[in-house]
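Everything on this sheet refers to the single structure shown next.
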Amino acid sequence: MNFLGKKVLVVGAGKSGISAIELLSQEGAQTILYDANEEINKEEISKKLPIDYKGDIILGGLSSELKSELDVVVLSPGVPTDLDYVKELKSAEIPIIGEVELAYNFSKGKIAAITGTNGKTSTTTLVGEIMKTYYKSVFVVGNIGVPYTQMVKNTENDSVTVAEMSSFQLETIETFRPDVSAILNITPDHLNRHHTMEAYIEAKVNITKNQTKEDTCILNYEDSYLRTVSGRIPATILWFSSVRELERGLFLRENHIIYRDDEKECVVCDVNELQIIGKHNYENVMAAVGIAIALKVPMDFIREAVTKFRGVEHRIEYVTTKRGVKYYNDSKGTNPDASIQAIKAMQTKTLLIGGGYDKDSDYDDWIKAFDDKVTYLVLLGQTREKIANAAKRLGVKNIVLVDSLSEAVDFCAEHAGVGETVLLSPCCASWGMFKDYEERGMLFKEYVHALKDE
C-alpha cells in the first residue's frame with residue numbers, strides 16, 4: 001500500500017498510535033491523530049510526536065466532513081473494533097487496518113509471530129535471544145513493548161523480526177504473513193473485549209490466515225482448542241507437548257526436551273540445565289526451539305541460548321529472600337491460567353497476593369489449584385470481594401482484604417514463616433490501581449526490598 005499523499009486517520013494516542021504517525025509521516029501521508037478521550041492532554045501528546053509534525057490532533061468526536069475525506073484508518077490495538085464510530089467508518093467503506101498490518105507493508109526479511117493467552121512475552125524474548133546468537137540483524141517487537149512500526153524501517157532482507165502478537169493486534173490484519181507463527185495456548189481471557197470465547201479463538205487463529213504450506217505454525221498439542229482448529233490452519237504444523245511423546249515435534253521425555261522429525265531424534269537439553277522453573281516454561285522453551293528450527297538455526301546455537309535464558313521480568317520473577325521468606329513477582333499473571341501456572345511452580349507453602357481489574361474471568365479453577373499450598377489469600381482491587389466470595393464457597397479459610405499493594409506486602413511479611421513463599425500473582429489486570437502490570441510489579445519489588453531483614 002502506498003501512503004504518499006493519502007489522508008490517514010490514526011486512532012489511539014498511545015505508544016502504537018504515535019509510532020504509526022511517525023512511520024506514515026515518513027511515507028508522505030497526511031496524518032491526523034485521533035483519540036475519543038477528550039480528557040487527554042494535547043500538549044503532552046504533541047511532545048511525543050515528531051518535531052516537524054504538521055497534522056491535526058483531534059479529541060472527542062469526528063465530524064462527518066472529516067470522515068468523508070479519509071483514505072485509510074489505522075486502529076491502535078487498544079481500540080475495540082465494535083465501537084460505534086469504528087462501525088461508522090467501516091460502513092463508509094474506508095479501509096481500516098491495524099498497526100501490525102501497517103508495519104507489514106514495510107517489513108523485510110523473515111518474520112516469526114507469537115501469540116497465545118499466556119507465555120507470549122517469555123517465548124518472544126527467548127526466540128529473540130536465540131536468533132541473536134545466529135543472525136546479525138534481529139528485531140523483537142510488538143506487544144512486548146516496542147511497536148512494530150517503530151522498528152520496521154530498519155529491517156533488511158537478511159533480518160529476522162520476532163513479534164509478540166495480542167488478540168487485539170490480530171483482529172485487524174489483512175495480508176500479514178509470518179514465515180513462522182506460534183499459538184502457545186488458548187484459555188478464556190479478554191472476554192470483556194471479544195465477548196465470546198469463539199471470537200477470542202478466531203482472533204488468535206488469525207495469525208495463520210495468510211500462511212501457506214511453505215510456512216510453519218507451532219502449536220501446543222495439549223491445548224484442546226488448538227487441536228480443534230488445527231485442521232483449518234494452512235501452514236505446516238509442528239506440535240509440542242509437555243505430556244506425551246510425539247511422532248514429529250518437540251516433547252518431554254523424563255527430564256529432557258526432545259526434538260523428533262521424520263529422519264532423526266535429538267536431545268535439545270535437560271530441563272535441569274534451564275534457569276527458569278515450571279512446566280509452562282518448558283512449554284515456552286519447546287515453542288521457541290520449534291520456531292528456531294523452522295528458521296534454520298543450528299541446534300548448538302539453540303541449546304546455548306535456552307540454557308542461558310533467565311526469564312523475563314514480572315513472570316514468576318524471584319525478587320529476594322527476607323527473614324527466610326522467598327518473594328516472587330508474577331505481576332504478569334493477569335488471568336486464571338497464568339496464575340495457576342505460577343502457583344504450581346511454587347515449591348513451599350505460599351502467601352498469595354491477588355486481585356485487580358475485572359476482565360469477567362471465572363476464578364474457580366484458579367482457587368481449586370491452591371490445594372493446601374496457599375496459607376493466606378490476600379486480595380486487593382476491584383475483584384477482591386468477587387474472588388473472596390468464590391474462595392469462601394470453595395472452602396478457603398484465610399482470606400484477607402486490603403486496600404493497597406503495600407498493605408498486602410506488609411501483611412505477608414508479618415505472617416509468613418521461615419521457608420515459606422510470598423507470591424504476587426494477581427490473576428487480574430492492573431488497570432484502575434496501576435498504569436500497567438509493569439508498574440504493579442516494580443512497586444511490589446520496591447515494597448519487598450524496603451522490608452527489614454531482621
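Numbering starts at 1 and runs along the chain as displayed.
Glycine is no exception: its Cβ is also placed from the backbone N, Cα and C atoms.
Sequence annotations record features per position, and here Swiss-Prot assigns ATP binding site to Gly116, Thr117, Asn118, Gly119, Lys120, Thr121, Ser122. Counting Cβ atoms from all protein chains shown, Gly116 (ATP binding site) has 28 others lying within 10 Å of its own Cβ.
Cβ neighbours within 10 Å of Gly119 (ATP binding site), excluding its own Cβ and spanning all shown chains: 27. It is Thr121, among the binding-site residues Thr117, Thr121, Ser122, whose Cβ has the fewest other Cβ atoms within 10 Å in the structure shown. Around the Cβ of Lys120 (ATP binding site), the number of neighbouring Cβ atoms within 10 Å comes to 24. Those residues of the chain, other than Gly116, Thr117, Asn118, Gly119, Lys120, Thr121, Ser122, with a C-beta within 8 angstroms of the mean position of the ATP site C-beta atoms are Ile114, Thr123, Leu184, Asn185, Asn284, Ala338. Every protein chain considered, the tally of other Cβ atoms within 10 Å of the Cβ of Asn118 (ATP binding site) stands at 27.
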